[in-house]
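One structure is given below, encoded as structure tokens.
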Amino acid sequence: MAAFHLSQHPHAGADPRRLLHRLTVASLLSVLCFSMVYLLTGCRESELADNFDIKPPARDFPASGSGWAHEGNGTGAVRESRDRAGMESNSSGKEWTATRRLPQALIIGVKKGGTRALLEFLRLHPDIRALGSEPHFFDRHYARGLDWYRSMMPKALDGQIVMEKTPRYFVTVDTPARVHAMSQDVKLIVVVRDPVTRAISDYTQIISKTPDIPPFETLAFKNRTTGQIDSLWSPLWIGLYAQHMERWLAWFPRSQIHLVNGERLISDPAGELGKVQDFLGLQRIVTDKHFYFNKTKGFPCLKKPEGSSKPHCLGKTKGRTHVSIDKEVLQKLRDFYKPHNQRFYQLAGQDFGWQ
Ligand SMILES: Nc1ncnc2c1ncn2[C@@H]1O[C@H](COP(=O)(O)OS(=O)(=O)O)[C@@H](OP(=O)(O)O)[C@H]1O
């Protein structure tokens, strides 16, 4: 249409140089505008979002379906605008520049342990800046390099702790060495939960996505008649905590790994959060004042996150009803895990009391 219109213009043929000049000026203006938009809106981040399967740092909300039930909370909005500006000011009005840094703390596992709840509770702390999505850097995107990883992090001020959670790190063989190569001082957090319940939680999620898979009772055994457990089946293998923990202990001292009791994270979230804040060297700011027990959901939820008037619970994929499992199979699994759990308690220096 535009080309047709130009060729019909009475002066189009008369002054091609003028037309060319106009076109050049228009192109220069477009380039200028584009550059301005690029600089002002952090275009680099949207490129990342388009090209990769994880979210950019400025949108550091939980992935949909895995985060809070009411997402557009004020806390996130405030944080997002701070991220965009990259600035924050203290009481004297002086501004500090926030920068993207590599994480100083990682929630490395375990899948279905309660890692999302822990991360969201920790995000209430003003000295924590946490990436909402799981970047899977050390297990999937390691080849992208540390600069890429840093670019995924939310901006943080000096003194704020940057963190992320990717529960798969705990069980991936190369991860401890890779994390160590990034930082020898990084603080590691693992939320652990009774491995039998964890496996059922895992399976409940799997079957919700692929309803055609065989029953849990079939997949859990190499041979159901002989009762031989298939410990390589992922939902069961992840629960061999001692085995995974030993790999981490080959690279990091026990004092650098904090274990969160996943069961207590539900029954006493403030108590578990208190210990995590101590471990991170932070003031205990997230306390029981922040939580209430939501009877309908059957889990603790947040009363009023900063800037929001609504209480917040985790989304519906967290705390769902588990598939019911044959009692005999449950007992076989408990017997199977017993020695592994004992070994884990020894490594942990803590008895989690799983049956
Ligand atoms: N406050 C609160 N609200 C909801 N759910 C809670 C909470 N605290 C811990 N949990 C438990 O977290 C389990 C999900 O664990 P993760 O977040 O680690 O899962 S995931 O690995 O990120 O998929 C999830 O597992 P399921 O109960 O099997 O759904 C919960 O038991």
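Cβ coordinates are placed from backbone N, Cα and C, and glycine is handled just like the others.
Taken from TrEMBL as is:
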- K112: active site, for sulfotransferase activity (ACT_SITE)
- K112, G113, G114, T115, R116, R193, S201, K318, G319, R320, T321, H322: 3'-phosphoadenylyl sulfate binding site (BINDING)
- C301-C313: disulfide bond (DISULFID)
- 103-340: domain 'Sulfotransferase' (DOMAIN)
- 63-95: region 'Disordered' (REGION)
- 20-40: transmembrane segment (TRANSMEM)
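In this structure the C-alpha atoms belonging to C313 (disulfide bond) and K112 (active site, for sulfotransferase activity) are separated by 16 Å. For ligand 1, the nearby binding-site residues are R116, S201; that is, of R116, S201, T321, these have a C-beta under 6 Å from one of its atoms. Around the residue listed as 'active site, for sulfotransferase activity', the same-chain residues at least 6 positions away in sequence with a Cβ under 8 Å from its Cβ are P167, R193, R198, S201, D202, Q205. In this structure the C-alpha atoms belonging to T321 (3'-phosphoadenylyl sulfate binding site) and C301 (disulfide bond) are separated by 17 Å. Taking every pair among K112, G113, G114, T115, R116, R193, S201, K318, G319, R320, T321, H322, the residues listed as contacting 3'-phosphoadenylyl sulfate, the largest Cα to Cα separation comes to 18 Å. On the 0 to 100 pLDDT scale, the domain 'Sulfotransferase' (103-340) averages 96 in the predicted structure. Rounded to a whole number, the distance between the Cα atoms of C301 (disulfide bond) and G114 (3'-phosphoadenylyl sulfate binding site) is 13 Å. Classification of G114 (3'-phosphoadenylyl sulfate binding site) by DSSP places it in coil, neither helical nor stranded. For the pair R116 (3'-phosphoadenylyl sulfate binding site) and C301 (disulfide bond), the Cα-Cα distance reads 12 Å. Same-chain residues at least 6 positions away in sequence with a Cβ under 8 Å from that of G319 (3'-phosphoadenylyl sulfate binding site) are, in sequence order, K297, G298, F299.
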